[in-house]
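Following: one structure in C-alpha cells, then a few remarks.
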C-alpha cells in the first residue's frame, strides 16, 4: 500500500468512528455549549487559522489557551 492509500484508509476509519459516535449520542438530550467552552472552541479555531500562516507563535498560543480553557470548563462541570 502506498502512503496516500494509508491516509485514505485512516480517514475512512475515522469517519466511520465519528458516524457511530454521532448515531449513539443522538438519543441523549443535548446540552447547550457553555460560554467558556465556546470561547475555548473559538480560540482553537483561531489557532488553526493562524497556523496556516507563518506566525506560529500566535497559533500555538491560541491553541494552548483554548485547550486550557476547555480543561477548566471540564473541571468546573465535573464538580457540579
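Every residue gets a Cβ built from N, Cα and C, even glycine.
Heads up, TrEMBL stuff is auto-annotated, nobody curated it.
Through the fold, the transmembrane segment (6-24) approaches none of its own chain's residues that are at least 6 residues removed from its boundaries at a Cβ separation under 8 Å. The feature transmembrane segment is assigned by TrEMBL to 6-24 (among others).
Under the heading transmembrane segment, TrEMBL lists 36-52 (among others).
Annotation source TrEMBL lists transmembrane segment at 58-75 (among others). Distant neighbours of the transmembrane segment (58-75): 34, 36-37, 39-44, 46-51; these residues of the same chain sit at least 6 beyond its ends, with a Cβ under 8 Å from one of its Cβ atoms.
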